């Protein structure tokens, strides 16, 4: 026969010890959970908003201000809603102070500080009277009420406008233009001469003045120009033709004598115009 195997059997005492260890571990975990829950509940209570001052009087507060106890059968969501409703219903902000209460506090403070309330009130009344005198308007500065007969607007109401003839309109226009011209002349007379006598183009003004001056001389002294014109005509008849060298010299002299200020001014204007267009 084959030999029998020996199996180790756990005794009853070992099983009881294991059970005790498991129970102790479970009880420790439950205790930790209970402590954590109690801590959370305590923090929630600290975060709860306290009830404020009721807006109603003390008699109405005694009847209405009592909060009904919440039944244990309600769910947690309904409990939170009831707490919020009661909080907002009873919490109010006191903005208006009771005048009697303020007066009583001032009187008590004055008694403690050793002041006489009647004397203080008399001084305040005197100061108020002085201030009222400062703000008082004298009689000559007050606005007087005018009647409808005294006001100027009442005289013009109801009067029909009359259309003036064209002669009056033309006369007004002429007088206006004459007044404008006179005003402009006065303004120019008040300014120094150098401000409005500067020409817009120096080169054009120079040549124009020279031309006007030459014409003026020809009109006033024609005998001078007659003497100059005769020899020139005789000389031209005597010398009908000249050499090419003399012509070239004359042309070069004429081109040198030609004024280039106007040409340079036109070039400058073109350059500035092109520069502005590029921008």
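Residue 1 is the first one shown; counting continues down the chain.
Glycine residues also receive a Cβ, built from the backbone N, Cα and C atoms like all the rest.
Swiss-Prot tags one of the stretches 34-56, 57-79 as region 'Disordered', and that stretch is 57-79. Between the stretches 1-29, 88-116, Swiss-Prot puts its region 'Disordered' entry on 1-29. Taken together, the residues of the coiled coil (86-183) have an average pLDDT of 77. Taken through DSSP, the compositional bias 'Basic residues' (270-279) splits into 9 helix, 0 strand, 1 coil.
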